[in-house]
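For reference, the structure discussed in these notes is given below.
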Amino acid sequence: MQKLSKIAVLTSGGDAPGMNPCIRAVVRTAIYNGLQVTGVRQGYQGLIDNNMYEMNNRSVSNILNLGGTILKTARCLPFRTDEGMEIAYNNLRARGIDGLVVIGGDGTFTGALRFSKKYPDIAVMGVPGTIDNDLYGSTYTLGFDTATNTVIEAIDKIRDTADAHDRLFFIEVMGRDSGAIALRAGISCGAEAILLPEKETAIEELIVSLKAGQYNKKSSSIVIVAEGDKHGGVYDIAKAVEKEVKNYDIKVTILGHLQRGGSPSSFDRILGSRLGYAAVNALIAGKTQQMVGLQANNIVSTDLEEALNQHEFKLEDDLMQMMEILSI
Ligand code: ATP
């Protein structure tokens, strides 16, 4: 096993609060262990454009509290091609880099694994960073906790006005393929119903439960719709319900990108720190083509191949059932 001397770190895909604490941990753990660290700007695009800079302990001062990512992120089409990967590889080798930490979601890991299979002399370690919480191998991903808290704060405010006016609100939250944010936020805010991409809910069923809520003297109702719900857009769903559920003023709110921003929660700062620290230590130990993750409050490594093959968010049916009972 050749000794690692210089690593690079990048953030890729959608930004997620907690990426900055993770970058800080990567840089400081590496330097503590005598490694040099290069920061790559704009994800894989920065590897291709040679948009990188040398980092030191001060490069990551006062970033623990910042949302987004100081390294910037991007969706990079050229990295999907063999030519793009070759340019990235040559740029890394020219800088003497032999280890790479990638912080991102499943697309980022797919790219990292392909790259590492082509160029195994650069070790890669993944860190799960996505607000969607949809990666196998880690119970929680970076950014999910903060994003859920942001959604909860917004929905609490909407509940105040919904209650004052006897309103029914449909609130769209992020999660094209994953209902994780919708489910947690729904339980936390006492939503009357949650529509998720993983579970088909008939509109008729929704109408029956909203009417039951009215019969039970509920003065407001909140339906959370994950953006990937099978029924289409939140406006279509609201329209279909409006025809059947009377005596409610129906409103729609799309929370949108505000869900990505904001200062990382304590949980995400600690998770980012633990995962960044573990990723560098794993590279030093000679590991590659793996991701670090949190399981039963322990940091563990999973092969990227396995993580990507098993990739499927398992809807927590027990939580869904509990939510339905508690919101009656
Ligand atoms: P999020 O979950 O927040 O969307 P993600 O990592 O899944 O994050 P993607 O946009 O899917 O986000 O992927 C990030 C980047 O990874 C892509 O822009 C691309 O550069 C790279 N990538 C994705 N799939 C591949 C692939 N098959 N081969 C090479 N690179 C890939």
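Positions of Cβ are set from backbone N, Cα and C atoms, glycine also.
So that you can see what the record holds, here are the features copied from TrEMBL:
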- Asp132: active site, proton acceptor (ACT_SITE)
- Arg24, Ala25, Val26, Val27, Arg28, Arg159, Gly190, Ala191, Glu192, Lys218, Ser219, Ser220: ADP binding site (BINDING)
- Asp106: Mg(2+) binding site (BINDING)
- Thr130, Ile131, Asp132, Arg167, Met174, Gly175, Arg176, Glu227, Lys251, His257, Leu258, Gln259, Arg260: substrate binding site (BINDING)
- 6-283: domain 'Phosphofructokinase' (DOMAIN)
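Sequence features, as recorded in TrEMBL, placed on the structure.
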residue: Val26; record: ADP binding site; Cβ within 10 Å: 31
residue: Arg28; record: ADP binding site; Cβ within 10 Å: 20
residue: Thr130; record: substrate binding site; Cβ within 10 Å: 25
residue: Asp132; record: active site, proton acceptor; Cβ within 10 Å: 26
residue: Arg176; record: substrate binding site; Cβ within 10 Å: 11
residue: Glu192; record: ADP binding site; Cβ within 10 Å: 23
residue: Ser219; record: ADP binding site; Cβ within 10 Å: 13
residue: Lys251; record: substrate binding site; Cβ within 10 Å: 15
residue: Leu258; record: substrate binding site; Cβ within 10 Å: 13
residue: Arg260; record: substrate binding site; Cβ within 10 Å: 18
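Non-local neighbourhood of Arg24 (ADP binding site): Val60, Ile63, Leu64, Gly272, Ser273, Gly276, each in the same chain, at least six residues away, with C-beta under 8 Å from its C-beta. Proximity to Arg176 (substrate binding site), judged by a C-alpha distance within 10 Å, picks out Asp132 from the recorded positions Val26, Arg28, Asp106, Asp132, Glu192.
Only Asp106, Thr130 of the binding-site residues listed as Val26, Asp106, Thr130, Lys251 bring a Cβ under 6 Å of any atom of ligand 1; the order follows the sequence. In terms of Cα spacing, the recorded positions Arg28, Asp132, Gly190, Glu192, Ser219 that come within 10 Å of Met174 (substrate binding site) are Asp132. Using a 10 Å radius centred on the Cβ of Met174 (substrate binding site) and all shown protein chains, the other Cβ atoms total 23. Classification of Arg24 (ADP binding site) by DSSP places it within a helix. Annotation for Gly190 (ADP binding site): same-chain Cβ neighbours under 8 Å, separated by at least 6 residues, are Arg159, Ile222, Leu326, Ser327. Per-residue confidence over the domain 'Phosphofructokinase' (6-283) averages out at a pLDDT of 94.
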